[in-house]
């Protein structure tokens, strides 16, 4: 059961000074606190909608006094020198910008650039036409008084307009240049977890095994020391924002102890079943809640305490104090 030590940080998962608790409970079920060890790789993400805003030979990651994101990553690489540090990137980068990325890899032995287009995410894809078709069939099976004729007509019209070349959920998000683009591929990267480091031609990935976990951090997270060994309920935990007397699950820091974590697969199933699914609210939030049997009858604050990833050596979500770098 949950030990008193674990409650020090809002039931967070950063107990590294003593032997780990064995289990923690939520909604009447016990979950093993699984290990994310000191070799688990750290993944950052930078999807750049405007690469032209950088200098010709500059690494295309924001690095200003207000938003020192590249510095935060290189600082993490120095502190966590025994971990691989991945930077998952996407954008219309120039040859010179890709050269700058390569130089960054040479300058830091444990840093890897992982281009989105180099990663095979096809196992997580679904045809848009299949999503539309399933919802249309569900509407048609309803009695007339329960059927939404407006929605049915709209979906049938949009289904006819989907071309073969556009018939892919992943391709649809790859064309976006907004936060949904960022959030969707973050979810897929975390499904891959440590295996995403094996999706490059870089030989630095030799120490990462199939099925390994991953620690994801937004670039506004500042490391002040090593993370050590971390424990998480059934191997998954995430940042919880605590402001203005409210709490909310955040996707800015997420840890998983294995690839294809079933809580994230639950979220993917929501993305595969709704035409208007949202990568954050559905793909992460609803999926994690469903996996851990959260219902409106449960206390959301208690669920956030249960799932929270917090750590004394991470200054969390520093961009909340500034305007967005986007």
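Heads up, the Cβ atoms here are built off N, Cα and C, so glycines get one too.
According to DSSP, residue 319 (UDP-N-acetyl-alpha-D-glucosamine binding site) is assigned to a helical segment. Residues or ranges marked as UDP-N-acetyl-alpha-D-glucosamine binding site by Swiss-Prot on the basis of similarity to another entry: 45, 46, 47, 69, 216, 217, 218, 219, 319, 324, 325, 326.
Residues or ranges marked as Mn(2+) binding site in Swiss-Prot: 220, 317, 319. Within its own chain, residue 317 (Mn(2+) binding site) has 218, 220, 221, 239, 241, 250, 252, 253 as residues 6 or more apart in sequence whose C-beta sits under 8 angstroms from its own.
Here Swiss-Prot flags 250 as active site, proton acceptor, drawing on similarity to another entry. Neighbour count (other Cβ atoms within 10 Å of the Cβ, all protein chains): 22 for residue 250 (active site, proton acceptor).
Within 10 Å of the C-beta atom of residue 319 (UDP-N-acetyl-alpha-D-glucosamine binding site) sit 16 other C-beta atoms, taking all shown protein chains into account.
Long-range neighbours of residue 47 (UDP-N-acetyl-alpha-D-glucosamine binding site) (same chain, six or more residues apart, CB within less than 8 Å of its CB): 89, 90, 91, 116, 181, 182, 185. Counted within 10 Å of its Cβ, the other Cβ atoms near residue 218 (UDP-N-acetyl-alpha-D-glucosamine binding site) come to 22, all protein chains included.
The 10 Å shell around the Cβ of residue 216 (UDP-N-acetyl-alpha-D-glucosamine binding site) contains 25 further Cβ atoms across the protein chains shown.
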